[in-house]
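Engineer: Sharing a structure below in C-alpha coordinates format, with a few things to ask.
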Amino acid sequence: MQTDCDVLIAGNGLAALTLALSLPESFRIVILCKNRLDDTASRHAQGGIAAAWSGEDDIEKHVADTLEAGAGLCDEAAVRAILSQGKPAIEWLLAQGVAFDRNHNGLHLTREGGHTCRRIAHVADYTGEAVMQSLIAQIRRRPNIRVCERQMALDIQTESGAACGLTVLDCRTQETYRIRARHTVLAGGGLGQIYAATTTPPECTGDAIAMAIRAGCAVGNLEFIQFHPTGLARPSENGRTFLISEAVRGEGGILTNQAGERFMPHYDRRAELAPRDIVARAIAAEIAKQTQDFVSLDISHQPAAFVRRHFPSIHRHCLSQCGLDITRQAIPVRPVQHYTCGGIQTDPCGRTSLPQLYALGETACTGLHGANRLASNSLLECVVTARLCAQAIADGQAFQAEPFQRPSESLSAEAGIFSDDLQNTFSRPVLQTFNQRHLGILRNDTGLRRAIAQLQLWKQNQAEPHTASEYENRNLLECSLAVAQAAYRRRQNIGAHFNSDC
(Lines of atoms letter the chains of each structure in order from A and count residues from 1; the text may use other names and numbers.)
(Lines give C-alpha, C1' and ligand atoms only; values in the text may rest on other atoms or scores of the structure.)
Protein backbone atom coordinates (compact mmCIF):
# COMPACT_ATOMS: atom_id res chain seq x y z
CA MET A 1 0.00 0.00 0.00
CA GLN A 2 1.36 3.41 -0.96
CA THR A 3 1.19 5.67 2.07
CA ASP A 4 1.59 9.32 2.95
CA CYS A 5 3.24 8.48 6.28
CA ASP A 6 4.21 5.57 8.49
CA VAL A 7 2.30 6.70 11.58
CA LEU A 8 -0.66 9.08 11.53
CA ILE A 9 -1.59 10.47 14.96
CA ALA A 10 -4.93 12.24 15.48
CA GLY A 11 -4.38 14.31 18.60
CA ASN A 12 -1.68 16.43 20.18
CA GLY A 13 -1.83 15.75 23.91
CA LEU A 14 0.67 14.01 26.16
CA ALA A 15 0.04 10.53 24.74
CA ALA A 16 0.31 11.73 21.13
CA LEU A 17 3.57 13.61 21.64
CA THR A 18 5.10 10.84 23.76
CA LEU A 19 4.35 8.35 20.99
CA ALA A 20 5.85 10.57 18.29
CA LEU A 21 9.04 11.09 20.32
CA SER A 22 9.34 7.38 21.18
CA LEU A 23 9.10 6.06 17.62
CA PRO A 24 12.27 5.50 15.56
CA GLU A 25 13.46 8.68 13.87
CA SER A 26 13.39 6.83 10.55
CA PHE A 27 9.56 6.80 10.70
CA ARG A 28 7.55 9.41 8.81
CA ILE A 29 5.12 10.76 11.43
CA VAL A 30 2.18 13.13 10.98
CA ILE A 31 0.42 14.75 13.95
CA LEU A 32 -3.05 16.20 13.33
CA CYS A 33 -4.03 19.04 15.69
CA LYS A 34 -7.64 20.21 15.69
CA ASN A 35 -6.43 23.58 16.89
CA ARG A 36 -2.86 24.64 17.74
CA LEU A 37 -0.13 22.22 18.82
CA ASP A 38 -0.05 23.73 22.31
CA ASP A 39 -3.85 23.73 22.72
CA THR A 40 -4.79 20.47 24.42
CA ALA A 41 -6.44 19.10 27.55
CA SER A 42 -3.08 17.76 28.78
CA ARG A 43 -1.83 21.32 29.16
CA HIS A 44 -4.50 22.02 31.80
CA ALA A 45 -3.53 19.11 34.08
CA GLN A 46 -2.63 20.52 37.47
CA GLY A 47 -1.89 17.67 39.87
CA GLY A 48 0.91 15.55 38.49
CA ILE A 49 2.00 12.03 37.60
CA ALA A 50 1.58 9.11 39.99
CA ALA A 51 4.43 6.61 40.27
CA ALA A 52 5.93 4.43 43.01
CA TRP A 53 9.11 6.46 43.36
CA SER A 54 9.94 6.94 47.05
CA GLY A 55 11.45 4.43 49.46
CA GLU A 56 8.22 4.21 51.46
CA ASP A 57 6.21 3.30 48.37
CA ASP A 58 6.18 0.32 46.02
CA ILE A 59 4.28 -0.90 42.98
CA GLU A 60 2.07 -3.22 45.06
CA LYS A 61 0.78 -0.26 47.10
CA HIS A 62 0.09 1.72 43.94
CA VAL A 63 -1.69 -1.29 42.42
CA ALA A 64 -3.82 -1.73 45.56
CA ASP A 65 -4.86 1.94 45.58
CA THR A 66 -5.72 1.82 41.87
CA LEU A 67 -7.78 -1.36 42.22
CA GLU A 68 -9.70 0.07 45.18
CA ALA A 69 -10.53 3.28 43.31
CA GLY A 70 -11.57 1.24 40.26
CA ALA A 71 -14.14 -0.59 42.42
CA GLY A 72 -13.31 -4.07 41.18
CA LEU A 73 -13.66 -3.30 37.47
CA CYS A 74 -9.99 -2.69 36.65
CA ASP A 75 -8.10 -5.18 34.51
CA GLU A 76 -5.47 -6.18 37.07
CA ALA A 77 -3.03 -7.42 34.45
CA ALA A 78 -3.24 -4.07 32.65
CA VAL A 79 -2.92 -2.20 35.95
CA ARG A 80 0.30 -4.05 36.76
CA ALA A 81 1.67 -3.68 33.23
CA ILE A 82 1.16 0.09 33.28
CA LEU A 83 2.06 0.92 36.89
CA SER A 84 5.24 -1.17 36.75
CA GLN A 85 6.51 1.33 34.16
CA GLY A 86 5.89 4.35 36.39
CA LYS A 87 9.48 4.99 37.38
CA PRO A 88 10.85 4.62 33.81
CA ALA A 89 8.11 7.02 32.64
CA ILE A 90 9.23 9.68 35.13
CA GLU A 91 12.86 9.12 34.13
CA TRP A 92 11.92 9.53 30.45
CA LEU A 93 10.14 12.81 31.17
CA LEU A 94 13.16 14.06 33.12
CA ALA A 95 15.31 13.21 30.10
CA GLN A 96 12.95 15.30 27.92
CA GLY A 97 13.66 18.32 30.13
CA VAL A 98 10.66 18.30 32.49
CA ALA A 99 11.75 20.11 35.67
CA PHE A 100 9.72 18.38 38.38
CA ASP A 101 9.68 20.05 41.79
CA ARG A 102 12.43 18.84 44.10
CA ASN A 103 13.37 18.87 47.77
CA HIS A 104 16.32 17.58 49.80
CA ASN A 105 15.22 13.97 49.14
CA GLY A 106 15.04 14.38 45.37
CA LEU A 107 11.64 14.70 43.69
CA HIS A 108 9.01 16.46 45.78
CA LEU A 109 6.05 14.09 45.92
CA THR A 110 2.56 15.17 46.91
CA ARG A 111 -0.49 13.12 47.88
CA GLU A 112 -3.98 13.12 46.39
CA GLY A 113 -7.32 11.48 47.12
CA GLY A 114 -7.29 7.68 47.06
CA HIS A 115 -3.50 7.40 47.43
CA THR A 116 -2.19 5.92 50.69
CA CYS A 117 1.13 7.74 50.46
CA ARG A 118 2.91 10.55 48.64
CA ARG A 119 3.66 9.49 45.08
CA ILE A 120 2.66 12.38 42.80
CA ALA A 121 5.56 13.97 40.92
CA HIS A 122 4.58 17.48 39.89
CA VAL A 123 5.61 20.94 38.75
CA ALA A 124 3.87 23.18 41.31
CA ASP A 125 0.19 23.12 40.23
CA TYR A 126 0.77 23.39 36.48
CA THR A 127 2.34 20.01 35.71
CA GLY A 128 0.55 19.55 32.40
CA GLU A 129 1.70 22.88 31.05
CA ALA A 130 5.32 22.24 32.07
CA VAL A 131 5.36 18.73 30.60
CA MET A 132 3.77 19.81 27.32
CA GLN A 133 6.18 22.73 26.90
CA SER A 134 9.13 20.34 27.21
CA LEU A 135 7.71 17.80 24.77
CA ILE A 136 6.67 20.42 22.21
CA ALA A 137 10.24 21.74 22.25
CA GLN A 138 11.47 18.22 21.50
CA ILE A 139 8.87 17.71 18.75
CA ARG A 140 10.02 20.85 16.95
CA ARG A 141 13.57 19.43 16.81
CA ARG A 142 12.51 16.26 14.95
CA PRO A 143 12.56 16.62 11.15
CA ASN A 144 10.69 13.31 10.74
CA ILE A 145 7.64 14.68 12.62
CA ARG A 146 5.22 16.85 10.65
CA VAL A 147 2.71 18.85 12.69
CA CYS A 148 -0.51 19.86 10.89
CA GLU A 149 -2.56 22.42 12.81
CA ARG A 150 -6.27 23.18 12.35
CA GLN A 151 -6.84 19.72 10.85
CA MET A 152 -9.74 17.65 12.24
CA ALA A 153 -9.86 13.87 11.89
CA LEU A 154 -13.33 12.85 10.68
CA ASP A 155 -13.43 9.11 10.07
CA ILE A 156 -11.25 6.00 9.96
CA GLN A 157 -10.36 4.65 6.53
CA THR A 158 -10.13 0.87 6.17
CA GLU A 159 -8.80 -1.53 3.56
CA SER A 160 -8.97 -5.34 3.72
CA GLY A 161 -10.32 -5.18 7.26
CA ALA A 162 -7.56 -2.97 8.65
CA ALA A 163 -7.18 0.76 9.30
CA CYS A 164 -5.26 2.54 6.58
CA GLY A 165 -5.59 6.22 7.50
CA LEU A 166 -8.11 8.96 8.14
CA THR A 167 -10.48 11.31 6.39
CA VAL A 168 -9.51 14.83 7.48
CA LEU A 169 -11.16 18.25 7.44
CA ASP A 170 -9.04 21.34 6.89
CA CYS A 171 -10.72 23.64 9.43
CA ARG A 172 -9.44 26.72 7.59
CA THR A 173 -11.01 25.89 4.22
CA GLN A 174 -13.68 23.33 5.28
CA GLU A 175 -12.32 20.98 2.59
CA THR A 176 -11.92 17.24 3.23
CA TYR A 177 -9.10 14.95 2.11
CA ARG A 178 -7.53 11.59 3.00
CA ILE A 179 -4.22 10.66 4.58
CA ARG A 180 -3.04 7.07 4.13
CA ALA A 181 -0.82 5.53 6.79
CA ARG A 182 0.68 2.18 7.78
CA HIS A 183 -0.44 2.76 11.37
CA THR A 184 -3.26 5.03 12.56
CA VAL A 185 -3.40 6.30 16.14
CA LEU A 186 -6.36 8.00 17.84
CA ALA A 187 -5.26 10.19 20.74
CA GLY A 188 -7.86 12.96 20.65
CA GLY A 189 -8.90 13.04 24.31
CA GLY A 190 -12.27 12.48 25.95
CA LEU A 191 -15.86 13.57 25.47
CA GLY A 192 -16.20 16.22 28.18
CA GLN A 193 -17.96 18.72 25.95
CA ILE A 194 -21.13 16.62 25.93
CA TYR A 195 -21.72 18.38 29.29
CA ALA A 196 -22.51 22.00 30.08
CA ALA A 197 -20.02 22.07 32.98
CA THR A 198 -16.64 20.49 32.26
CA THR A 199 -12.97 21.14 32.96
CA THR A 200 -12.07 20.05 29.43
CA PRO A 201 -11.34 22.55 26.64
CA PRO A 202 -13.82 23.16 23.78
CA GLU A 203 -11.92 20.76 21.49
CA CYS A 204 -12.88 17.70 23.61
CA THR A 205 -15.95 16.73 21.60
CA GLY A 206 -15.37 12.97 21.63
CA ASP A 207 -14.16 12.87 18.02
CA ALA A 208 -11.91 9.82 18.37
CA ILE A 209 -14.40 7.75 20.36
CA ALA A 210 -17.21 8.61 17.92
CA MET A 211 -15.04 7.68 14.94
CA ALA A 212 -14.24 4.34 16.54
CA ILE A 213 -17.91 3.60 17.23
CA ARG A 214 -18.81 4.34 13.61
CA ALA A 215 -15.98 2.04 12.46
CA GLY A 216 -17.28 -0.81 14.64
CA CYS A 217 -14.40 -0.79 17.13
CA ALA A 218 -14.94 -2.20 20.59
CA VAL A 219 -15.62 0.46 23.23
CA GLY A 220 -16.23 0.03 26.93
CA ASN A 221 -16.96 1.60 30.32
CA LEU A 222 -18.46 4.75 28.80
CA GLU A 223 -20.96 4.96 31.67
CA PHE A 224 -18.08 5.83 34.00
CA ILE A 225 -17.80 9.59 33.59
CA GLN A 226 -15.65 11.04 36.33
CA PHE A 227 -16.86 14.23 37.94
CA HIS A 228 -14.10 16.10 39.71
CA PRO A 229 -15.33 17.12 43.17
CA THR A 230 -13.89 20.61 43.10
CA GLY A 231 -14.53 22.74 40.06
CA LEU A 232 -14.46 26.47 40.80
CA ALA A 233 -18.07 27.58 41.34
CA ARG A 234 -17.80 30.61 39.09
CA PRO A 235 -18.86 31.16 35.45
CA SER A 236 -16.76 29.05 33.07
CA GLU A 237 -14.27 30.51 30.61
CA ASN A 238 -14.57 29.48 26.94
CA GLY A 239 -16.79 26.55 27.88
CA ARG A 240 -14.29 25.25 30.44
CA THR A 241 -14.65 25.30 34.24
CA PHE A 242 -11.47 26.11 36.16
CA LEU A 243 -10.28 23.14 38.21
CA ILE A 244 -9.21 23.30 41.85
CA SER A 245 -6.63 20.53 42.04
CA GLU A 246 -7.01 17.36 44.06
CA ALA A 247 -3.69 18.30 45.64
CA VAL A 248 -5.33 21.14 47.58
CA ARG A 249 -7.11 18.49 49.63
CA GLY A 250 -3.97 16.37 49.60
CA GLU A 251 -2.12 19.19 51.33
CA GLY A 252 -4.77 19.65 54.03
CA GLY A 253 -7.71 21.43 52.39
CA ILE A 254 -11.00 21.01 54.29
CA LEU A 255 -14.51 20.86 52.80
CA THR A 256 -17.36 22.58 54.65
CA ASN A 257 -21.05 23.07 53.87
CA GLN A 258 -23.16 26.23 54.01
CA ALA A 259 -23.43 25.90 57.80
CA GLY A 260 -19.63 25.85 58.08
CA GLU A 261 -19.58 22.17 59.08
CA ARG A 262 -16.92 19.75 57.88
CA PHE A 263 -18.90 16.92 56.28
CA MET A 264 -16.58 14.44 54.55
CA PRO A 265 -15.85 12.33 57.68
CA HIS A 266 -19.57 11.46 57.70
CA TYR A 267 -19.31 9.94 54.21
CA ASP A 268 -15.98 8.08 54.23
CA ARG A 269 -13.23 7.14 56.68
CA ARG A 270 -10.68 8.83 54.39
CA ALA A 271 -12.62 12.11 54.59
CA GLU A 272 -11.29 14.65 52.04
CA LEU A 273 -8.82 12.05 50.73
CA ALA A 274 -11.49 9.60 49.58
CA PRO A 275 -11.61 8.78 45.83
CA ARG A 276 -13.20 11.35 43.56
CA ASP A 277 -16.54 9.61 43.01
CA ILE A 278 -17.19 9.46 46.75
CA VAL A 279 -16.22 13.08 47.37
CA ALA A 280 -18.18 14.32 44.34
CA ARG A 281 -21.38 12.55 45.40
CA ALA A 282 -20.94 13.77 48.98
CA ILE A 283 -20.66 17.37 47.77
CA ALA A 284 -23.71 16.90 45.52
CA ALA A 285 -25.66 15.56 48.51
CA GLU A 286 -24.64 18.52 50.70
CA ILE A 287 -25.57 21.02 47.98
CA ALA A 288 -29.00 19.36 47.67
CA LYS A 289 -29.62 20.06 51.38
CA GLN A 290 -28.73 23.77 51.29
CA THR A 291 -29.66 26.96 49.44
CA GLN A 292 -26.27 27.81 47.90
CA ASP A 293 -25.07 25.75 44.92
CA PHE A 294 -21.54 25.15 46.20
CA VAL A 295 -19.54 24.06 49.23
CA SER A 296 -16.29 25.60 50.51
CA LEU A 297 -12.75 24.25 50.22
CA ASP A 298 -10.46 25.89 52.76
CA ILE A 299 -6.66 25.75 52.66
CA SER A 300 -6.20 29.09 54.45
CA HIS A 301 -5.04 27.41 57.69
CA GLN A 302 -1.77 26.59 55.92
CA PRO A 303 0.94 29.30 55.86
CA ALA A 304 0.37 31.81 53.06
CA ALA A 305 3.84 31.19 51.62
CA PHE A 306 3.12 27.44 51.52
CA VAL A 307 -0.13 27.98 49.61
CA ARG A 308 1.44 30.37 47.10
CA ARG A 309 4.40 28.04 46.54
CA HIS A 310 2.37 24.86 46.03
CA PHE A 311 -0.62 26.35 44.20
CA PRO A 312 0.62 29.41 42.29
CA SER A 313 -1.74 29.13 39.31
CA ILE A 314 -4.81 28.46 41.47
CA HIS A 315 -3.90 31.38 43.74
CA ARG A 316 -3.30 33.65 40.75
CA HIS A 317 -6.51 32.64 38.94
CA CYS A 318 -8.77 33.00 41.98
CA LEU A 319 -7.26 36.38 42.81
CA SER A 320 -7.35 37.84 39.30
CA GLN A 321 -10.64 36.34 38.09
CA CYS A 322 -12.69 36.21 41.30
CA GLY A 323 -11.02 38.65 43.69
CA LEU A 324 -10.50 35.69 46.03
CA ASP A 325 -7.32 35.30 48.10
CA ILE A 326 -7.12 31.58 48.90
CA THR A 327 -4.47 32.21 51.55
CA ARG A 328 -7.20 33.95 53.59
CA GLN A 329 -10.53 32.82 52.11
CA ALA A 330 -12.26 29.53 51.33
CA ILE A 331 -12.81 28.54 47.69
CA PRO A 332 -16.40 27.94 46.43
CA VAL A 333 -16.44 24.56 44.65
CA ARG A 334 -18.87 22.07 43.13
CA PRO A 335 -18.54 18.84 41.08
CA VAL A 336 -17.76 19.22 37.38
CA GLN A 337 -17.23 16.71 34.56
CA HIS A 338 -13.53 15.98 34.33
CA TYR A 339 -12.55 12.66 32.77
CA THR A 340 -13.82 9.83 30.56
CA CYS A 341 -12.84 6.60 32.33
CA GLY A 342 -13.97 4.43 29.42
CA GLY A 343 -13.31 4.69 25.71
CA ILE A 344 -11.96 2.59 22.86
CA GLN A 345 -10.98 -0.81 24.23
CA THR A 346 -7.24 -1.45 23.98
CA ASP A 347 -4.47 -3.49 25.51
CA PRO A 348 -1.68 -1.63 27.39
CA CYS A 349 0.08 -1.06 24.05
CA GLY A 350 -2.90 0.83 22.63
CA ARG A 351 -3.93 -1.86 20.14
CA THR A 352 -7.66 -1.85 19.33
CA SER A 353 -9.99 -4.48 17.86
CA LEU A 354 -9.33 -3.03 14.38
CA PRO A 355 -5.91 -4.06 12.98
CA GLN A 356 -3.44 -1.20 12.48
CA LEU A 357 -5.58 1.12 14.62
CA TYR A 358 -4.33 2.24 18.03
CA ALA A 359 -5.88 4.42 20.73
CA LEU A 360 -4.07 6.23 23.53
CA GLY A 361 -4.75 8.52 26.48
CA GLU A 362 -8.24 9.50 27.55
CA THR A 363 -9.56 8.21 24.23
CA ALA A 364 -8.65 4.65 25.25
CA CYS A 365 -10.01 2.17 27.78
CA THR A 366 -6.96 0.12 28.82
CA GLY A 367 -8.52 -1.36 31.96
CA LEU A 368 -6.37 0.79 34.26
CA HIS A 369 -9.17 2.96 35.63
CA GLY A 370 -12.06 0.53 35.98
CA ALA A 371 -15.14 2.26 37.36
CA ASN A 372 -13.25 5.31 38.62
CA ARG A 373 -9.83 6.79 37.84
CA LEU A 374 -7.35 7.25 40.67
CA ALA A 375 -6.02 10.81 40.73
CA SER A 376 -2.89 11.44 38.61
CA ASN A 377 -2.93 7.97 37.03
CA SER A 378 -4.06 9.45 33.70
CA LEU A 379 -0.85 11.29 32.81
CA LEU A 380 1.12 8.20 33.79
CA GLU A 381 -1.10 6.10 31.52
CA CYS A 382 -0.49 8.51 28.63
CA VAL A 383 3.29 8.22 28.87
CA VAL A 384 3.50 4.49 29.59
CA THR A 385 1.01 3.28 26.98
CA ALA A 386 2.43 5.61 24.32
CA ARG A 387 5.93 4.23 24.90
CA LEU A 388 4.60 0.66 24.78
CA CYS A 389 2.66 1.53 21.62
CA ALA A 390 5.80 2.88 19.96
CA GLN A 391 7.55 -0.39 20.71
CA ALA A 392 4.63 -2.44 19.36
CA ILE A 393 4.50 -0.40 16.14
CA ALA A 394 8.25 -0.60 15.65
CA ASP A 395 8.17 -4.37 16.25
CA GLY A 396 5.12 -4.88 14.01
CA GLN A 397 3.15 -6.73 16.68
CA ALA A 398 -0.48 -7.64 15.99
CA PHE A 399 -3.46 -7.76 18.33
CA GLN A 400 -7.09 -8.76 17.97
CA ALA A 401 -9.67 -7.96 20.64
CA GLU A 402 -13.07 -9.56 21.05
CA PRO A 403 -15.67 -8.52 18.44
CA PHE A 404 -17.79 -5.53 19.44
CA GLN A 405 -21.56 -5.99 19.54
CA ARG A 406 -23.04 -2.53 19.02
CA PRO A 407 -26.22 -1.89 21.07
CA SER A 408 -29.45 -1.66 19.11
CA GLU A 409 -30.51 1.92 18.48
CA SER A 410 -34.20 1.11 17.95
CA LEU A 411 -36.50 2.84 20.41
CA SER A 412 -37.59 0.49 23.17
CA ALA A 413 -41.23 0.31 24.28
CA GLU A 414 -40.20 2.00 27.52
CA ALA A 415 -38.44 4.82 25.71
CA GLY A 416 -41.50 5.30 23.51
CA ILE A 417 -43.49 6.75 26.39
CA PHE A 418 -41.53 9.98 25.90
CA SER A 419 -42.40 10.34 22.21
CA ASP A 420 -44.79 13.25 22.84
CA ASP A 421 -42.32 14.98 25.10
CA LEU A 422 -39.23 15.12 22.88
CA GLN A 423 -37.58 18.19 21.33
CA ASN A 424 -37.04 18.35 17.60
CA THR A 425 -34.83 21.43 17.74
CA PHE A 426 -31.15 20.65 18.33
CA SER A 427 -28.32 22.94 19.41
CA ARG A 428 -25.09 22.24 21.23
CA PRO A 429 -26.02 24.21 24.39
CA VAL A 430 -29.38 22.40 24.55
CA LEU A 431 -27.60 19.03 24.23
CA GLN A 432 -25.05 19.91 26.92
CA THR A 433 -27.69 21.09 29.39
CA PHE A 434 -29.79 17.99 28.65
CA ASN A 435 -26.84 15.67 29.30
CA GLN A 436 -25.90 17.54 32.48
CA ARG A 437 -29.37 16.77 33.81
CA HIS A 438 -29.84 13.17 32.66
CA LEU A 439 -26.28 11.79 32.33
CA GLY A 440 -24.74 13.64 35.26
CA ILE A 441 -23.38 12.60 38.62
CA LEU A 442 -26.77 11.29 39.88
CA ARG A 443 -28.88 9.32 37.37
CA ASN A 444 -32.19 7.44 37.34
CA ASP A 445 -33.99 5.05 34.99
CA THR A 446 -36.59 7.57 33.84
CA GLY A 447 -33.93 10.13 32.96
CA LEU A 448 -31.79 7.58 31.14
CA ARG A 449 -34.72 6.27 29.07
CA ARG A 450 -35.68 9.83 28.21
CA ALA A 451 -32.07 10.55 27.24
CA ILE A 452 -31.86 7.55 24.91
CA ALA A 453 -35.13 8.48 23.19
CA GLN A 454 -34.19 12.14 22.78
CA LEU A 455 -30.65 11.48 21.61
CA GLN A 456 -31.83 8.92 19.05
CA LEU A 457 -34.33 11.44 17.68
CA TRP A 458 -31.71 14.18 17.39
CA LYS A 459 -29.29 11.77 15.74
CA GLN A 460 -31.89 10.54 13.23
CA ASN A 461 -32.83 14.12 12.29
CA GLN A 462 -29.25 15.34 11.91
CA ALA A 463 -28.30 16.73 8.52
CA GLU A 464 -25.10 15.74 6.73
CA PRO A 465 -22.22 17.73 8.32
CA HIS A 466 -20.00 20.05 6.29
CA THR A 467 -18.25 22.34 8.79
CA ALA A 468 -16.02 21.61 11.78
CA SER A 469 -18.79 22.60 14.18
CA GLU A 470 -21.29 20.32 12.45
CA TYR A 471 -18.86 17.39 12.51
CA GLU A 472 -18.29 18.04 16.22
CA ASN A 473 -22.05 18.03 16.84
CA ARG A 474 -22.28 14.66 15.08
CA ASN A 475 -19.60 13.30 17.41
CA LEU A 476 -21.19 14.82 20.51
CA LEU A 477 -24.46 13.08 19.68
CA GLU A 478 -22.73 9.77 18.95
CA CYS A 479 -20.90 9.87 22.27
CA SER A 480 -23.90 11.10 24.26
CA LEU A 481 -26.01 8.19 23.03
CA ALA A 482 -23.22 5.70 23.78
CA VAL A 483 -22.92 7.03 27.35
CA ALA A 484 -26.69 6.93 27.89
CA GLN A 485 -26.98 3.37 26.59
CA ALA A 486 -24.04 2.15 28.68
CA ALA A 487 -25.41 3.86 31.80
CA TYR A 488 -28.85 2.32 31.32
CA ARG A 489 -27.36 -1.16 30.85
CA ARG A 490 -25.28 -0.88 34.04
CA ARG A 491 -27.60 -2.20 36.76
CA GLN A 492 -25.13 -1.71 39.58
CA ASN A 493 -24.08 1.43 41.41
CA ILE A 494 -20.33 1.33 41.27
CA GLY A 495 -17.49 3.82 40.94
CA ALA A 496 -18.42 6.90 38.95
CA HIS A 497 -21.85 5.52 37.95
CA PHE A 498 -24.79 6.04 40.31
CA ASN A 499 -28.41 5.27 39.41
CA SER A 500 -30.91 5.96 42.20
CA ASP A 501 -33.18 3.21 40.81
CA CYS A 502 -30.55 0.47 41.18
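Backbone N, Cα and C define each Cβ position, glycine as well.
Sequence annotations record features per position, and here Swiss-Prot assigns active site, proton donor/acceptor to Arg276. Residues or ranges marked as FAD binding site in Swiss-Prot: 12-15, Lys34, 41-48, Asp207, Glu362, 378-379. Swiss-Prot lists Glu112 with the feature site 'Important in orienting the L-aspartate substrate', giving similarity to another entry as the kind of evidence.
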Engineer: Might you list, by sequence position, any residue in that chain lying six or more from Ser378 (FAD binding site) with a Cβ less than 8 Å away from its Cβ?
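Structural biologist: Listed in sequence order: Ala45, Tyr339, Gly361, Glu362, His369.
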Engineer: Please work out which residue of Ala15, Ala45 has the most C-beta neighbours within 10 angstroms of its C-beta, and give that one of the binding-site residues.
Structural biologist: Ala15
Engineer: Sort out the sequence-distant neighbours of Ser42 (FAD binding site) for me: same chain, 6+ apart, CB within less than 8 Å of its CB, listed by position.
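Structural biologist: The list for Ser42 (FAD binding site) reads Gly13, Leu14, Ala15, Gly128, Val131, Met132, Gly361, Leu379, Cys382, given in order along the sequence.
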Engineer: Round to the nearest Å and give the CA-to-CA distance linking Glu112 (site 'Important in orienting the L-aspartate substrate') with Gly48 (FAD binding site).
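Structural biologist: Here the two Cα atoms are 10 Å apart.
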Engineer: What are the non-local neighbours of Arg276 (active site, proton donor/acceptor), defined as same-chain residues 6+ apart in sequence with CB under 8 A from its CB?
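Structural biologist: Gly113, Gly114, Gln226, Phe227, His228, Pro229, Glu246, His338, Asn372, Arg373, Ala375, Ala496 - these are the non-local Cβ neighbours of Arg276 (active site, proton donor/acceptor), listed in sequence order.
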Engineer: When you measure from the Cβ of Asn12 (FAD binding site), how many other Cβ atoms are you left with inside 10 Å?
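Structural biologist: Here the count is 33.
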Engineer: Taking Gly48, Glu112 as the recorded positions to compare, which has the smallest set of other Cβ atoms within 10 Å?
Structural biologist: Glu112
